[in-house]
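See below for the structure under consideration.
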Amino acid sequence: MAKEIVNINVLKVLIIVCLVSFVFGELIRFSIFGIETKLLDLTVALTFGFWLIYSFLKKRISKTIYAPALIFSIYCLWTLLINLKFLDLNQGIVSFAYLLRWVGYASLFTIVSSFDREFKDTIKSYLIFIGAIIVTAGFIQFTFYQSLRNLFYLGWDEHLYRMFSVFLDPNFAGAFFVLYFLFLLDLIFENLKNKKKLLIYSFLSVCTFLAILLTYSRSAFIMLIVGAVMFFILKRRPIYIVILVFLFVVLTFLLPKAYKTEGTNFLRIVSSEARFDSARLAFNIFKDNPVFGVGFNSYKFARQRYGSKISVTSHADATTDNSYLFILATTGIIGLILYLSIWYKLIKSNKKLSLFIPSTVSIFVGSLFINGLFYSFIMFWVWIVAGIMDNNE
């Protein structure tokens, strides 16, 4: 009976549920035993749990079980275990829960890569649709809800006159928009002979390009230029690089509210100083714990030991703004090497390098300024896309 209920079709439905929950972004979130949880986290956890049961009952642990991710996960658990002496019970549970969350998101690659090509194409269609919804939500928000001031008590920054869409943060919204923009560019080149699809994808790409600009996020701008330039180089279309850079420069100066507030001032220094302070603390933690770090993901509690004040409502205290320093501080130099090996293997197994390399490079560059590599929605998008384009079918 159990084997009849636990089948591949249920797993496919759960993936669709995850895709739908992605649309809600940060709008639906709550705290479970002190752990900040989003709707997407819950649906991914449910999918991961079901996949484990499915694999056990069917005795079908896919050959695409991602060895580098598994090794990194085990190592992260080790770093946490050897640092438990610095954590109380609740802190240890919270840190372990965040590790489980990462494992759950990473499992999406194995799950999606095991699906048939027809369902992978269905997932691809969902990605196009949900991206369009989030971009549309961004324009609606930018028009009618231009500040998060009323949510300041919940730990959100104001972000006046900036597009933040369902992510409630223009930097992470911008990072997602860039990945979606590159995704659309690839679809455009795939459908040059299909006028209807070409028109739809071109329209969506223009809207997404404008959405990126309206985030006023400098990290997103850098991601856009780096990712798009890499994409057009791989596609051997250098003239498009000139066109893109020209449009970017011109439209940047024509943006409404540009330089009118601290958030829309491209020369702002307040956020830069905050990032520098965040990076300095993370580096100091790594310097004192260079081999195994302080344990994944106990960074928040390590900050407390280093005298940093932790806000109950802040959404940034559990991490640092630089993904690489975050990995170094929590897992040490060995952890960083193991983590990078995951991406090396992902690139090697990917059959659509013209999309995956630009996307990877852009998020790697962006993660110098935001912790994009460990942001739920970025992780979800990357693992799903990687699974769709994996060579092991």
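Don't overthink the numbers, they just go from 1 along the chain as shown.
Placement of Cβ uses the backbone N, Cα and C atoms for every residue, glycine included.
Here's what TrEMBL has on this protein:
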type     : residues : note
TRANSMEM : 12-33    : transmembrane segment
TRANSMEM : 39-57    : transmembrane segment
TRANSMEM : 64-84    : transmembrane segment
TRANSMEM : 96-115   : transmembrane segment
TRANSMEM : 127-148  : transmembrane segment
TRANSMEM : 160-185  : transmembrane segment
TRANSMEM : 197-213  : transmembrane segment
DOMAIN   : 204-340  : domain 'O-antigen ligase-related'
TRANSMEM : 219-234  : transmembrane segment
TRANSMEM : 239-259  : transmembrane segment
TRANSMEM : 324-344  : transmembrane segment
TRANSMEM : 356-384  : transmembrane segment
Six or more residues out from either end of the transmembrane segment (219-234), which same-chain residues have a Cβ under 8 Å from its Cβ atoms? 170-171, 173-175, 177-179, 181-182, 185-186, 209, 212-213, 240-241, 244-245, 248, 252, 353-355, 357-359, 361-363, 365-366, 368-370
Any contact between the transmembrane segment (39-57) and the transmembrane segment (127-148)? By contact I mean 3+ C-beta pairs closer than 8 Å, pairs at least 6 apart along the chain. no
Under a criterion of three or more Cβ pairs within a distance under 8 Å and sequence separation of at least 6, are the transmembrane segment (197-213) and the transmembrane segment (127-148) in contact? yes
At an 8 Å Cβ cut-off, counting only pairs 6 or more apart in sequence, do the transmembrane segment (127-148) and the transmembrane segment (239-259) clear the bar of 3 or more pairs? no
On the DSSP side of things, how many residues of the domain 'O-antigen ligase-related' (204-340) fall into helix, strand and coil, could you say? 89 helix, 0 strand, 48 coil
Are the transmembrane segment (12-33) and the transmembrane segment (96-115) near each other by the rule of at least 3 C-beta pairs under 8 angstroms (pairs 6 or more apart)? yes
Counting a contact as 3 or more Cβ pairs under 8 Å, with residues at least 6 apart in sequence, do the transmembrane segment (12-33) and the transmembrane segment (356-384) touch? yes
